[in-house]
Amino acid sequence: MAESNCTQVTEFSLTGFTEDPVTQVTLFLMFLLTYLVTILGNLGVIVLIRASPQLHSPMYYFLGNLALVDLCSSTVITPKMLVDFVSEKKGIAYAGCVAQVFIFDLFGMTECFLLAVMAYDRYVAICHPLVYPLVMSPKCCFQLVTGSYLVGLTNGMGQTIGMSSLTFCGSSVIDLFFCDISPLISLSTSDTTLSHVILRTSASLFGVSSSLVVLVSYVAIISAILSISSAEGKRKAFSTCASHLTTVSIFYGTSCFMYLKPSSDSSREEDRWAAVLYTVVTPMLNPLIYSLRNKEVKESLKRLTK
């Protein structure tokens, strides 16, 4: 009876980072700079890949899509966070919260599978170079990227359906700077069984499968590199996947800390800054990692500027 008489929450409050005005201004400038670097870096990677014929290969096709996903996922979170820094009221409407959950989960899972696809691409290139052009054909690359987006769409729709089944009649304060499905489930006053099932199924089915592809691919890659006799051959083979391995380590490291650790293992402040690494810093670092560590990207950039 109490459940049927409750008033559904129409707006959520976000706690943000701090109430100190000086700290808010400092954080606003820091995150604004980070977002500008993210926009310029990822757009630059996309334009460079499209404009440089020498980058028209499967590896850079996947990298261009990764840059697009990073651009979109960051844009879902950061602009709203910047507005909250200069606003007295840090709130988000229920519909906006649903949209943020859907889009963020869509691109988050898409990035998971794109990184797995890129790991498989490096595996074929290093372990089976003779059949690489046949295996990683344009048609196959398109299907792998399309499949990644479809998996992301499935995840986003599933989390949104789970959220739509929740009722929020008590507290409307989300102890974070954006709408994430986990804190929303903890705020709900209704039965959260469906949401928990969707969240765990998604993490088990999609997250574990993509991480296994990455793990198996790199075990085979490292084994193949160690079997190379010359030091120069080992260096060249490792350099082709060093950038991707760095990106994978940052992405999976921060996401595992956010979603797989026991809730009692860290404070809310640590959770908040881990979320910053996952949602704001990682999309900025990816284009920098690939541009600074990749010889072909740097050479293409020089040719384009000349």
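For all residues, glycine too, the Cβ spot is worked out from N, Cα and C.
Any TrEMBL annotation is an automated prediction that lacks curation.
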## Note on the structure
Students should find that the transmembrane segment stretch in TrEMBL, chosen from 125-145, 272-292, is 272-292
### Message
I'm checking region-level scores; what's the whole-number mean pLDDT for the domain 'G-protein coupled receptors family 1 profile' (41-290)?
### Response
84
### Summary
Under 8 Å Cβ-Cβ from the transmembrane segment (272-292), and at least six residues away from its ends along the same chain, one finds 17, 31, 34-35, 37-38, 41-42, 44-45, 63, 66-67, 70-71, 73-74, 77-78, 81, 104, 175-178, 180, 243, 246-247, 250-251, 254-255, 257-258, 266, 298, 301
### Query
Taking a Cβ cut-off under 8 Å, which residues six or more beyond the ends of the transmembrane segment (91-120) line up next to it in the same chain?
8-14, 59, 62-63, 65-66, 69-70, 72-73, 76-77, 80, 144-145, 147-149, 151-157, 159-160, 163-164, 168, 178-181, 184, 202, 206-207, 209-211, 213-214, 217-218, 244, 247-248, 251-252, 255, 279
